[in-house]
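*Asks:* Just dropping this structure here.
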């Protein structure tokens, strides 16, 4: 039914049905279910249609898997991922004039610049392998053009501030947050 579901529940012998979309939960990498069912990760509220006990289960296993390989080290990717989302597929959030989505809080323009992997921006951003592949491709495209060094600091600041982010003083605070995750 194209993301639109009919949810019915029997409450005190009365059927209650609601129409709605589970798309916000799916974009967050989760699955809508009744909260009496064990969740292999954590429940998030407000992302599912239906009653108040129908919540989004975002599995902790969605965080497992590996980062794409490339010029950005695995450790550096992990630090950036932790700063952006706690390294979870957190869906999309409004940030500086547009939505930022997923593990690395990737904006649509960033996804286009990295070559549009995965066929769909939001799906890619909420997939660890695809989103890290996008970050690797973005760095391969921009880090030398802007005269930035091949360092985690440059990669983090470009990720935060765009192609010339390593030279922008506005990204220094972001770099300190990445450093606090154990990267240098």
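Cβ atoms are placed via backbone N, Cα and C, with glycine included.
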*Asks:* Determine which of 43, 138 appears in Swiss-Prot for the same substrate site as 107, 108, 109, 110, 111, 112, 113, 159, 160, 161.
*Replies:* 138
*Asks:* Given the recorded positions 81, 109, 114, 166, which one has the fewest other C-beta atoms within 10 angstroms of its C-beta?
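*Replies:* The recorded positions 81, 109, 114, 166 were compared, and 109 has the fewest Cβ atoms within 10 Å.
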*Asks:* Within 10 Å of residue 113 (substrate binding site) (Cα-Cα), which of the recorded positions 76, 81, 84, 87, 130, 134?
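*Replies:* Among 76, 81, 84, 87, 130, 134, the ones whose Cα sits within 10 Å of that of residue 113 (substrate binding site) are 134.
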*Asks:* Rank the disulfide-bonded residues 76, 148 by the number of other Cβ atoms within 10 Å of each Cβ and report the first-ranked residue.
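*Replies:* The largest 10 Å Cβ neighbour count belongs to 76.
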